[in-house]
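S.K.: For reference, TrEMBL lists these features for the protein:
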- B:9-25: compositional bias 'Polar residues' (COMPBIAS)
- B:1-25: region 'Disordered' (REGION)
- B:157-178: region 'Disordered' (REGION)
- B:278-343: region 'VHIID' (REGION)
- B:357-389: region 'Leucine repeat II (LRII)' (REGION)
- B:491-567: region 'SAW' (REGION)
- B:309-313: motif 'VHIID' (MOTIF)
- B:409-413: motif 'LXXLL motif' (MOTIF)
Amino acid sequence: MAGSDQVNLIESKTVVPLNTWVLISNFKLAYNLLRRPDGTFNRHLAEFLDRKVPANANPVNGVFSFDVIMDRQTNLLSRVYRPAYAGGDPPSFTDLQKPVDGEVVPVIVFFHGGSFVHSSANSAIYDTLCRRLVGLCGFVVVSVNYRRAPENRYPCAYDDGWTALNWVNSRPWLQSKKDSKVHIFLAGDSSGGNIAHNVAVRAVESGIGVLGNILLNPMFGGTERTESETRLDGKYFVTVRDRDWYWRAFLPEGEDREHPACSPFGPKSKSLEGLSFPKSLVVVAGLDLIQDWQLKYAEGLKRAGQEVKLLYLDQATIGFYLLPNNNHFHTVMEEIAAFVNAECQ
Amino acid sequence: MKRDLHQFQGPNHGTSIAGSSTSSPAVFGKDKMMMVKEEEDDELLGVLGYKVRSSEMAEVALKLEQLETMMGNAQEDGLAHLATDTVHYNPAELYSWLDNMLTELNPPAATTGSNALNPEINNNNNNSFFTGGDLKAIPGNAVCRRSNQFAFAVDSSSNKRLKPSSSPDSMVTSPSPAGVIGTTVTTVTESTRPLILVDSQDNGVRLVHALMACAEAVQSSNLTLAEALVKQIGFLAVSQAGAMRKVATYFAEALARRIYRLSPPQTQIDHSLSDTLQMHFYETCPYLKFAHFTANQAILEAFEGKKRVHVIDFSMNQGLQWPALMQALALREGGPPSFRLTGIGPPAADNSDHLHEVGCKLAQLAEAIHVEFEYRGFVANSLADLDASMLELRPSETEAVAVNSVFELHKLLGRTGGIEKVFGVVKQIKPVIFTVVEQESNHNGPVFLDRFTESLHYYSTLFDSLEGAPSSQDKVMSEVYLGKQICNLVACEGPDRVERHETLSQWSNRFGSSGFAPAHLGSNAFKQASTLLALFNGGEGYRVEKNNGCLMLSWHTRPLITTSAWKLSAVH
């Protein structure tokens, strides 16, 4: 195996900048240490290794953040990111929840990635990403610290997402002036994308308005081994084996990958036909081994008559959006801005 | 399953604070790829919590590859072994972290083991550490590092580097130790302000609890605790919005004054300011208008058929109540009576004869509506200073007298014999009606905490009802007007505490045992009061209720003021 591994390593090095390669390889390495073959997870070590940052109510690069407890029962925390107020003074305690100032102010409810197991809303990589999203277009971003597997399996993450959606929807200070409603978008990368989809389904069923879904390399799967999984297995940081491990950690015990949480357009899923599902922006990295599942997802949305824009990035690997040192990053940021602003006329 | 809130604070952010004052990488701007000097740390990774020199990036990558290969070859427990060991090294320092991991998996022949790498840990280290499985507590020096400097001493024969102490300036912010192994001491600099907000509704509940706890502490003379709580209240109050915030702020201020024994603000004693504030209150919300309106109805009915009438007003202020009565009298069937008004009020701060001025204005109105008018103004510090003889009473066959008191009687309750004296004077006056308007709440109980609780609920409701009013100078002044009452009620004692409100049943007892009998307000008054209310915000929220012949104005279900009318009981 060693030989072909070396080939793989070299290959992945050619498609991403060196520091990106170092970052993602480091994650891969650490994650390998944390996953145990018996399906358990070394959570203490994971928390130790995770680079975290506190919220910061002092604006940095025009963005400030603060944490909120959304639900005491489950200790559901989220981090709110807002554009700094004119004048640049640090907001006082009472200003943190000052009503948003604008005819239409999009609020993005963001679910970080980590395959349902890793990372937190206060992980540096996600704190940085959320700050960048705010800096992009003056959106408010609410990053949800959902419960993770394997300690908390399906549907905990979705439940937390749902709680967060309701919380955001009921904040008077997040209402846009135009219609006194909160203009909500759901977004997420990897498992976060999966969560965004599932929260959107619940929203539609309950009548809460979501204006759009933004799915970055969303995590979907199925029992079948797709062509992309076989072709790209182990080549660009991710293996089929680790994907299997994460699904086993997240899905209810005894369930297989036909479960609708894993396979939203599989045989066991409910149809989305006829529902006023939000429009979706689905970003697929061309070197992501689960791209076939992601493409099936986009297809599934289209077949159900839902609006979807598919952005396929040829030479992108997982995690390309974590560092702004590549064209894919900038492309995606522009697409997201356009996608969100289209609703804000 | 409940998660631990600690988790969110993370033990590691001493080394990875992104919200720093150093330059942050370009967020967007396609063309601005990193232009970094060789010796500097990679900025982009730095923001993400990893410290890697740009010049070492390739080497770090190499190490990652090597580790990957070795891990592929290692046995299962070899990996577990690694997992345990990694906690001894700072994961932010990628170069050394990877290095050390490599050594773990592939110890060089020259040394006895990785222990040589880190003498500080070495002191307490022994092989019992490496038992695989979960993280164990890190004993000894590794845990409580305070200095900014640390060093890995190195075996010079190896190809490992000497890593000098991480200079604090290369770290992003925080004075917490730069490369502390294991837990970091969490410190926050001025440039980072981590905040967790609790739901403000939660805060609202906590606020009420804090207020009550503070009052209790004051009552039991636990002033240290009370002081601490008052500060908490201030903090919690600003997290609220609207009525809750204002009420809490006023109560907090009053508590603070009580705790620190500060005499009430000078304006407590300035009556002309009181008058002005009351006028604003009059404009903003229906309470005073309701009071005047209902009292006037009762007076009008009592004056029916009388040719000469005399009103003695214990609460003259700016005489706002009387134009309406005068107009009603002017329109009376059979023509208006001749109308005499005696206005009683406290002295003005500037000694001006404001009562006289008010009288003049009313005289002008009377002339305009053709009502024969006579006026006398009396200045008195307290109603108890009055004697019947001063009032120039005329025989009751010729003149019918009404005595009117709006929000004044309660002030007498702090003075021994005060209310009795006034009742005595009223009886001597022999009025056909004695109209009384008072706040409907018991703020005069013997126990401070009870008074505090009652008034907190009362004023919360009152302020709530004000929230609906459009923002204006009037509204602000109304709040100040009410705030002064709160201050007096909470911070003062003895004769200084004049806001001694009592409920209708309490007043009824007093009146009853002092020789007065109730004079029921008619259904007319009730209907017309309801109509009046409709003028205020569509009457939304306000209710008029009849209670034993008296009329109460409520905000939703809470009665706030009561108008009652009395006459001398048959015994007299």
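Count begins at 1; order follows the chain as displayed.
Backbone N, Cα and C define each Cβ position, glycine as well.
Surface or core, plus neighbours and distances: that's what I need for these features.
M.R.: When averaged over the region 'Leucine repeat II (LRII)' (B:357-389), pLDDT in the model lands at 92.
DSSP states for the region 'SAW' (B:491-567), grouped as helix (H, G, I), strand (E, B) and coil, give 29 helix, 25 strand, 23 coil.
Nonlocal intrachain contacts for the motif 'VHIID' (B:309-313), taken as residues 6+ away from its ends with a CB within less than 8 angstroms of a stretch CB, comprise 299, 303, 319, 321-322, 325, 329, 337-344, 391, 394, 399-405, 429, 431.
The residues of the motif 'LXXLL motif' (B:409-413), classed with DSSP into helix (H, G, I), strand (E, B) and coil, number 5 helix, 0 strand, 0 coil.
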S.K.: Going by DSSP assignments with H, G and I as helix and E and B as strand, what are the residue counts for the region 'Leucine repeat II (LRII)' (B:357-389)?
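M.R.: Summed by class, the stretch gives 17 helix, 7 strand, 9 coil.
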S.K.: Per DSSP, what is the helix/strand/coil residue tally across the region 'VHIID' (B:278-343)?
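M.R.: In the region 'VHIID' (B:278-343), the DSSP-based counts are 33 helix, 12 strand, 21 coil.
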